[in-house]
Amino acid sequence: MVRTIVVGFGGGVGALTRFIFLDPSTVFPYSTLLINVSGSFLITLFTYLWLERELLKGLLVTGFCGGFTTMSTFSSEVAVLFNLNIWVACLYILLSVGLGVTGAVAGEKAARLVKKRKRSSPYVS
């Protein structure tokens, strides 16, 4: 029950954060691209930092990042772009996938760096 509440809370905060950052006034969906790339980074970072911390992962990965990132918005925007300009739609797909994977790899590397620094710090017991 606690995990369900934690995930729900994180999801609500993530969805509100996405709502704040979305900018529907542009033809090219820059804000969705930024949200999904940063979400890919954060999901991987949080997952690697807190592998054994189930409640924290539920709050931040499943909850916040799940509410923050959005496949359905991405898919809808691709459909609209296909009707406007197929080349722009293809560019958006390539950028989203390429930068999303790059964000995930960067998140993993950042998590490894944080863990390495924690282990070598004289202040962490």
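From the backbone N, Cα and C atoms, a Cβ is placed for every residue, glycine too.
Here TrEMBL flags 27-51 (among others) as transmembrane segment.
Same-chain residues lying 6+ beyond the ends of the transmembrane segment (58-80) with a Cβ under 8 Å from its Cβ atoms: 3, 6-18, 22, 29, 32, 35-36, 39-40, 42-43, 46-47, 50, 89, 92-93, 96. Taken from TrEMBL, the feature transmembrane segment applies to 58-80 (among others).
The Cβ neighbour count for GLY66 (Na(+) binding site), using a 10 Å radius over every protein chain in view, is 18. In the three-state DSSP scheme, GLY66 (Na(+) binding site) is classed as helix. Here TrEMBL flags GLY66, THR69 as Na(+) binding site.
Positions annotated as transmembrane segment by TrEMBL: 86-107 (among others).
With a cut-off of 8 Å between CB atoms and residues at least 6 apart in sequence, the same chain places GLY14, ARG18, ILE35, ASN36, GLY39, SER40, ILE43 near THR69 (Na(+) binding site), listed in sequence order.
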